[in-house]
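Read through the structure below, which is laid out as structure tokens, and then see the notes.
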Ligand SMILES: Cc1ncc(C[n+]2csc(CCOP(=O)(O)OP(=O)(O)O)c2C)c(N)n1
Ligand code: SF4
Ligand SMILES: [Mg+2]
């Protein structure tokens, strides 16, 4: 198991919890430590409780666990929310001068630090969280200079005075603990020479879009997709692009479609409720053969559900939404780096096959910040494939005997050429109506069949020529097979270590392609037991796998609104392996 | 591109299937003439068509075009224009398409003031679905689904546009070919969102808002000496429920189109073969 430290800061919404947590995460990244973060919102207790949690280790960390070592608690509520995760070696940093009498659970060490007064001495009460970070440095044996670097990044833009005050506040916290406590909880945070970047899944999607040449984004704000729009705003302009906040998702997808008809690489992103509205236009994207990337950052449904909670409940929607039969690709990145690479792949697939591509992520991945070596996003490895985009010269090949552009030409691979406006002799109409090769409406039976077959043939071509590989972890010869999609990968990979410790061999297959998807028949036949893990109640991916392989699988489903944790998954897998296979 | 573009270049070889006498023939002719008359050619023009009898123009015209989903033509046109400021964008559709299912988009397209023209072929009826009440149908207009008439006041699209901050509001009549063409040309040439509501009679399902009715009642604003740059008199004619007008009602000469306001001036269709040159800077931001 990784030598990990689990740290959290919690309080009321408005206490600056997010930025405090992020500063500490950045300090750890500067120290060459890996970081995996998660965010808690009000759950067991009503109100504005929020927490930022960090798991850190020298080795890669990819999951949260049910253990908390250091807790910065700005409210009693923070302690109550996390009481199950505290243990004998835990330390709780709190401010005894505040109006509450901290109720510290048995065994945990109370570290009472006058956060507010120390902050005031350093220049302002607003810095009390920074005092707490200084205290946390002392308890964990972490050099406060790394915190300085993070403070410079965070406050550098506000002038050197502010930076100096914050550094002083951090030192005040550190020195207070040094002077008043003689703690030996055994935490001694090792540092390395590595230097990591820290980002979340939505930032990775946004960055992937920019790398892929996306120049137009239209969206309507919705948690947890909005941060993609926020990331692109202010950055996409540097490349000549633009972000529009549309009046609704009906408009957003149609604007994105329009930009794509103009020849731009274009994207929209939303979450389930927005996908419902956008569904209206899916068929048009497909029949007009428009390259478009549609991102769904899933959250808990149905309806408004639990809007700030994790779920993977939109798989069926991504696969099937839209009336009639809508050819599409569905790609679901499994990690934050994959959010970047699969976004680029999505843009290439869209333009190579003139087809909608659904990029399906989820809330957990969108808010988790994780460290990576910058090479994980090596821009030199970015490839752009614009498919059969023709220019003035290329048009000729696709004109009919009367000089008309065959925008929906029936081809062997099913892929027709694409001419953008301004291309001489390329003028043509595309439509949601069934049409002939020229895009003109038709209801002739043979034309209809030719176009439907052609569109489906594109998907066949893609199936046969693109890579739809899965990601393979653990023992490839293990009798036990666990299959997952989307963001559960990290927790599963770490669960393997727990299982190994218990002498249980497991192979994990993590599937980033939902359609087309890898055929897992052989893998499932080779295993004695197969379990499909996903964050929904009904097992939508498990259904798909059973359908593909004609084999019953076991299921682990979580729909509490909280992502899987590594230790919890190891336990669940162990339990399931001893159960009967469902009939 | 070429100066010798003729309006027939904008005609596709599909024969319109509109009912003989349908107003949409005249409306479309005027649009094609206006496009040619303002120096556009089919390869540099993008037409977005709604769904309805009106929406069929996408098929009958020749240009880059998209015939989309009912009510969403304006967002599509907005996207095309933002990606391609160099392309002439014209959006066309019916009164149902624009003022009912697409009404939300109408308000916001007007507000955005994207530099494109929007031609609504207003027949005060749902033509394609065979004669139900539309948002511009008269309150007492009897149809299959409103046997007593809708018993609701019709939408005043011109007032809706004005209230939404329009910079160009006009109305024309399909059968007054010359004026219709002139007015659409003015909408195309306007720096911003050029909105034209066209009386385009449905001869099959609307026996009230007929050619004769409009011929008898239309007041031409130009002849009446109306000053479209004067907001107050624009408001007066737009809110005047007693008369039918044709002409440019309002034009804001200070109009700054969206792309100028927001610096969206580049052809977004051109991108490098790989990641942008300085793309590693995007990664370094996350240190
Ligand atoms: C989502 C959706 N709902 C309903 C329809 C059916 N429909 C097609 S056209 C139309 C109304 C058209 O009226 P209008 O926009 O005035 O066009 P017109 O036919 O009069 O030119 C309707 C309701 C549709 N195509 N799509
Ligand atoms: S039904 Fe009316 S609007 Fe439609 S084509 Fe016939 S006359 Fe024109
Ligand atoms: Mg109509």
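Using the three backbone atoms N, Cα and C, a Cβ is placed for every residue, glycine included.
According to TrEMBL, the compositional bias 'Polar residues' annotation covers B:131-149. Outside the compositional bias 'Polar residues' (B:131-149) by six or more residues, the chain places 94-96, 99-100, 103, 122-125, 155, 157, 202, 204-206, 208-209 with a CB less than 8 A from a CB of the stretch.
Taken from TrEMBL, the feature domain 'Thiamine pyrophosphate enzyme TPP-binding' covers B:51-198.
The domain 'Pyruvate ferredoxin oxidoreductase beta subunit C-terminal' annotation in TrEMBL covers B:202-265.
Per TrEMBL, region 'Disordered' is recorded for B:130-153.
Broken down by DSSP into helix, strand and coil, the compositional bias 'Polar residues' (B:131-149) contains 0 helix, 1 strand, 18 coil. Summarised as a single figure, the pLDDT of the domain 'Thiamine pyrophosphate enzyme TPP-binding' (B:51-198) averages 98. In the domain 'Thiamine pyrophosphate enzyme TPP-binding' (B:51-198), the DSSP tally of helix, strand and coil residues is 53 helix, 31 strand, 64 coil.
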